[in-house]
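Input: a single structure, listed below in structure tokens.
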């Protein structure tokens, strides 16, 4: 009794604390400020540790149901929040990362005149994300889904005077909208077939029809930037670095995967949907890793790395392992946010330089930042016993010992080696070697606003994997026995990627690249996806639309079949017949003979 | 039908067609008119011979008289139009054209 009381009240308290900076200025005369919002998030984080430890201690889960929207007679839409493993573990992680990012943003956006608005936007985004995570029915999840989409639009286009930022924000909205079609399709199917939108009712005993699952997979493809709807994620790097760190690495982009984790009971019955997830995830992870190999912008490399890890999460869903996908979400959030914060520090220190070809030797001037960068990259690569190892290695082991698609397996292993390659390339070019930056740059990281978040996230990157995997009871047994080569497969391909990267960076220092080759062009132009699809799709949709609207409807049905057609007919016939009425004898004689002939023929 | 009948039927028909579809000159129309008259004369002459009614032997002569008058009128018109327009081209006779 006391356990559930503690759980529910602390959870509600956490959500209240998050809502306070949004609601309080409307009710009273107090104003928000950057430090006050940071303090609110920190308090919420500390409060959210209580439900998490309660859950770890006792395994208690709960569902809170509030006011019900009596919209239609037979259909219940309550405001219900679900506290299970996923929401209770995700909440502290998201709040810790947001607190660190807000602290960092106090330094990064210090020269921004509208800094309070920026922080408010981030807070509203966080609220929406927490709503999405704790939602127990699809209606609240949809509200959170749309909310994070809108905040993503506002935050990517924060510097709205830049044309590229506006284009990127619009691109994000459009691609997310295509995914939303799938989500609404699934919601409609659920409402019409199962008459409920509650997540605990989303369970089928026999094989689930493929249609709603396709809708959910489409929604995940849009939100989590799988291959096909992926171009918005690298373009979203136009936003400020705290935005990239929060939205497009830890929190928003995992919303799609989270949706699939929530609907896992339905998904596990349908092998077609699982295979689709597997192949789509494998393709996404390899494509993004391939594109990251030749990027020169530090934020784009990390963005593609995010995209690749999202593909890996999709692969895990396809393997029917939602808990492992959630573990990867949690560990990935830590080191990816840290990588973005490190890149933000580097960019600000070098006075806005984002090209890694113009960085170098930062290990001497930014020791803490580059150490954290190294830790983050090692965790990303799956170095044994750092955070990424516990999730990534388990995924690769499960993939190797399952009776599933070999093609997906090959692609994932290849992507793992590419991950090592581009991470090491990033590290080598940005940190080591000689200094390639312009001489005058005010490099100073001795600010507790930078160091505290960074070290906190570094601690998380090291410890999170161990902590989460040892404190949470797994829902299915991991594979225990496998051949040695299979067990070492992830390490081997990672080492292979490292060796190749060392060799390649040696090549760039000692030899010159002779000429372009098609693989380099394919990788650096992101697979030619953007120019191919953006123009053809839109013109294929808009041209028939124009033809139908102007030529079919306006011209044909309003004009030609009606008055103008009749006028044309009359005009043609009168033009033809006028020549016989000119008063010429020849015509009359000709008509005369013609009539005689006709009469003679019928006699 | 016999060869005689064929000859004046075909003469009449061909001249009729020639009258209706003449192209450039008025005189070709008048010539066709003359051959139509000739064919009619032949037909009218054959009729009392075949039907052995000698009382209608006058008819071809009447017809011949009237055709001569008509030929004279036509030629007078031809001469009048060639005196007015300088030639007998039919496209000169376009007073009533709209």
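Positions of Cβ are set from backbone N, Cα and C atoms, glycine also.
TrEMBL annotations: computationally assigned, not manually curated.
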Can you identify, from A:301-321, A:364-384, A:385-405, the stretch that TrEMBL calls transmembrane segment?
A:301-321
Select from A:61-78, A:115-132, A:511-528 the stretch of residues annotated by TrEMBL as transmembrane segment.
A:115-132
Would you please say which range out of A:40-58, A:173-191 has the annotation transmembrane segment in TrEMBL?
A:173-191
Looking at A:563-582, A:583-602, which stretch does TrEMBL describe as transmembrane segment?
A:583-602
Do at least three CB pairs under 8 A connect the transmembrane segment (A:407-428) and the transmembrane segment (A:484-505), leaving out pairs fewer than 6 apart in sequence?
yes
For the transmembrane segment (A:115-132), distant same-chain residues with Cβ under 8 A (at least six beyond the ends):
15, 18-19, 21-22, 31-34, 37-38, 40-41, 91, 94-95, 98, 101-102, 105-106, 109, 140-141, 143-145, 147-148, 151-152, 154-155, 158, 240, 242-243, 246-247, 251-252, 255, 258
Chain residues outside the transmembrane segment (A:139-161) and at least six past its termini with a C-beta under 8 angstroms from it:
69, 77, 79-81, 118, 121-122, 124-125, 127-133, 168-170, 172-173, 176-177, 180, 183-184, 187, 197, 199, 219, 223, 236, 238-240, 243, 247-248, 251-252, 255, 259, 262
State the residues, same chain only, that lie 6 or more residues beyond the ends of the transmembrane segment (A:273-295) and have a CB under 8 A from a CB inside it; answer 'none' if no residue qualifies.
208, 210, 213-214, 217, 221, 225-228, 230, 234, 260, 267, 301, 304-305, 307-320, 404-405, 407-409, 411-412, 414-415, 418-419, 421-422, 425, 520, 522-524, 526-527
Counting Cβ pairs under 8 Å that are 6 or more apart in sequence, does the total for the transmembrane segment (A:85-109) and the transmembrane segment (A:333-350) reach three or more?
yes
